[in-house]
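Per TrEMBL, these features apply:
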- Cys77, Cys80, His81: heme c 1 binding site (BINDING)
- 207-333: domain 'Cytochrome c' (DOMAIN)
- Cys220, Cys223, His224: heme c 2 binding site (BINDING)
Amino acid sequence: MSKLVFFMVLILCFACSGDENNYVEISENKKLDFPQPDFFPQPVYNLEENPPTEKGFELGKKLFYDGKLSSTGVISCGFCHVQEFSFTHHTHEVSHGVDGALGTRNAQPLMNLAYFEEFSWDGAAQHLDAFSIIPITTDTEMNETVSNVINKLKSDQDYRELFGEAFNNGEVNTQNMFRALSQFMVMMVSADTKYDKVLEGNSVFSEEESAGQSLFEAKCASCHKGILFTDQSYRNNGLSIDPRYNDIGRKRVTGLEEDKYKFKVPTLRNIMVSLPYMHDGRFQSLKEVLDHYDSGVEPTQNLDPSLQQENNLGISLTETEKDQLISFLKTLTDDNFLLDQRFSEF
Ligand code: HEC
Ligand code: HEC
């Protein structure tokens, strides 16, 4: 940015520093159109308070792919959240952070975050802007302090300029960093799958996909509900307890015994590419997941009542039904999203 423009930005920032909305709206920094799909609910994320802008998005993307956010300088957000795998850590059951340190959970996909009320497998963060502090400071993830990160960014000319262009007060500070990351992440809307095209009347399911959809509606949609394929509740789906982690799930947040071993019902969009599955990545394929629902559900503490009817545990499925369900789940892949240049590192 030329000195003149920088000076103008400074004046502008000064002129409107009392504004509620801390973003710079000048000709170089336009608000982005949030790509709201017609058939989605209204976003939960407050797009008025932190509207994605061109420069905010650019800054968020740079931060997302920058190893500077970690203590070793090499672990970026994008290291564990790889776009083509729906922003998951492909082939890693639990994610690896700095110096190969093992975490205890499978990296979640990042998409449609604007519609989520809480974040992480147990809902530890209630606001997307508040989430990023967790990976930055977790010892097995980026193992860094927020103030160190801010100091590193402050000593970088490119960052100083970008913060200046993206935000009203132009400051390289924690709030602006988290807001920029959120601007980048809320724009990741995935709603362009065969399933969506069928809803819009622009495609039709094959017989097998259609049979799979009916099964899904009858047996899975009570939890993997609606257009986001999650009712956003915390439940226990009968996974055996892995003594290596003894992860108590939602109880970690609420302290309640009735929440022990419950995890957030995950979205199933782009599920074909986000393997391995479950909070600890224990299953490598959808076939294994369906075998679990069919014959692997255990009478764990707080098992969801819908998975224990009369004397039967789980959801009985024939092999044909499993194939049909998998055909249906394949219609939830959004290649345009997975390859969208706007979100890619290079
Ligand atoms: C070492 C791997 C790793 C790194 C680095 C990492 N994440 Fe994650 N991410 C995870 C894991 C594992 C989870 C699940 C966390 C949990 O449930 O406790 C997660 C969950 C999330 C979620 C919650 C998604 C949801 O649906 O609730 C968001 C948002 C997210 N990460 C963003 C980021 C951002 C932004 C960064 C960089 C500042 C980052 N992550 C860095 C592994 C990582
Ligand atoms: C009682 C609610 C419930 C029902 C019914 C249910 N699920 Fe789930 N599902 C969950 C929960 C909760 C998880 C996450 C569990 C964990 O990781 O601890 C999950 C995880 C999954 C995953 C792994 C997703 C990922 O990103 O790792 C898949 C795939 C899945 N379910 C498919 C299905 C299918 C297909 C059906 C119907 C045959 C079904 N589920 C029925 C609650 C349910």
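Every residue, even glycine, has its Cβ placed from backbone N, Cα and C.
Automatic, uncurated: that is what TrEMBL annotation is.
These numbers come from a predicted model, not from an experiment.
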Cα proximity to Cys80 (heme c 1 binding site), best match among binding-site residues Cys220, Cys223, His224: His224
Annotated binding-site residues Cys77, Cys80, His81, Cys220, Cys223, filtered by Cβ under 6 Å to ligand 2: Cys220, Cys223
Under 8 Å by Cβ from Cys223 (heme c 2 binding site), counting only residues of that chain that are 6 or more apart: Thr230, Asp231, Ser233, Arg235, Asn237, Val265, Asp304, Ser306
Secondary-structure category, per DSSP, in which Cys223 (heme c 2 binding site) falls: coil
Distance [Cα-Cα, Å, rounded] between His81 (heme c 1 binding site) and His224 (heme c 2 binding site): 22
Euclidean distance between Cα atoms of His224 (heme c 2 binding site) and Cys77 (heme c 1 binding site), Å: 27
Of His81, His224 (the binding-site residues), the residue whose Cβ has the fewest other Cβ atoms within 10 Å: His224
Close in space, distant in sequence - Cys220 (heme c 2 binding site), Cβ under 8 Å, 6 or more apart: Ile315, Leu325
Local Cβ density at Cys80 (heme c 1 binding site) - other Cβ atoms counted within 10 Å: 23
Secondary structure content, the domain 'Cytochrome c' (207-333) (per DSSP, counts of residues): 49 helix, 12 strand, 66 coil
Heme c 2 site, defined by Cys220, Cys223, His224: further same-chain residues with Cβ within 8 Å of the Cβ centre: Phe216, Lys219, Ala221, Ser222, Lys225, Phe229, Thr230, Asp231, Val265, Leu268
For the domain 'Cytochrome c' (207-333), mean pLDDT (0 to 100): 97
Listed binding-site residues with Cβ under 6 Å from ligand 1, out of Cys80, Cys220, Cys223: Cys80
Residues within 8 Å of the Cys77, Cys80, His81 Cβ centre (excluding the heme c 1 site residues themselves): Phe64, Ser76, Gly78, Phe79, Val82, Phe87, His89, Ala107, Leu110, Pro135
For His81 (heme c 1 binding site), the three-state class that DSSP assigns: coil
